[in-house]
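Here is what TrEMBL records for this protein:
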type    : residues : note
DOMAIN  : 58-336   : domain 'Protein kinase'
BINDING : K89      : ATP binding site
Amino acid sequence: MAMATGLTKLRERRQLRLSVVPPASPPQPFTYQEHPFGSLPSTPPCSPGPAIESLAELEKVGVLGHGGGGTVYRVQHQHRRTGVELAVKVLRVRGAGAGAALREADVHLRVAAAAPDHPHIVRLHGVSPVANCGDQFLCLVLEHAPHGSLGDVIRRRRGRCLPERAISGVARCVLGGLRHLHRVVGVVHGDVKPSNLLVGRHGEVKITDFGASRHVSTTVRATAGTCAYMSPERLELDPEGFGSGAAAPPSAAADFAGDVWALGVVLLECHVGRYPLVAAGERPDWAALVVAVCFGGAPEVPVAATPELRSFVRRCLEKDWRRRATVEELLGHPFVSGSPCCATNEWLTNFHDERTDNRTERIHLINPKPTLGVIE
């Protein structure tokens, strides 16, 4: 019934000449500044890690992922006996993707300048321009997450929910990273999703992939990102809908609120064990998402969840961004304010055996194949 009602509304909007086809991403202007691509300290001050003077010191081990933004390789620091593994994301700096590559490097540099070793944001070791066969590339040398991404964790659970203590730790870590991006750096992430949240050695969660990010001073509204995690004001095509819209002027508060919505979807996904905003087995394509997110009711949180989790997710998933909780408000929410330090959320690296459930404390260690999760 809800689907039929939503499709009726979509047809009405089509008669009003409002398309439900995903809008094409217009080229966003990027004013090139003399970024220190070659002079960024390879090891930021007061931060542990290998000193990298040249890409020649890195030996390629394998491919971690491909995507529209580039290719990510797993590499090893071959000139050190420590055997440190890193990740290198290679971005093309020619043609249509040039602006996006430079913007992504710009955000990484801003974040590194403000906090080179932030505990909840993937660490940048260096940026290096490379020319190959007439093409120009930027190589981002990044921290490697040995346990992959939160998306890997959810897939390995095979539809079973994560325990709430682990979800609380995820929320607290991501909120810590978003607070730094929003308040200190002035950056909207724009693509918070499980595959962009890496799991560190001790279960700490770190935000990665700034391919859809932008600084709030940018006057063009961002259209990049993953539709499944976009908030109503980003999906909605009516300028009057949800207090924003494609034709409305950019608002830093609205854009920051979009990151909060995405976090709410991620946490709900952790709890139900699958993408939660469409029915099980349904593909979350653009039309289905517009129906569910823009025309449907508020996303339902299972009654099995604790009142604290239900309250937290509902505050994240307010349809009107002006009523949605801010990062600061959520950091004071009981669901996360009483959680243990997220730097020790080791449940994410130690999984329950198939024969146990969330009520038992017995764990079974799994050594998954490492994946970075920067690019799907």
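Placed from the backbone N, Cα and C atoms, the Cβ positions cover glycine too.
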### Task
Give me the mean pLDDT over the domain 'Protein kinase' (58-336), rounded to a whole number.
86
### Query
Within 10 Å of the Cβ of K89 (ATP binding site), how many other Cβ atoms can be counted across all chains shown?
29
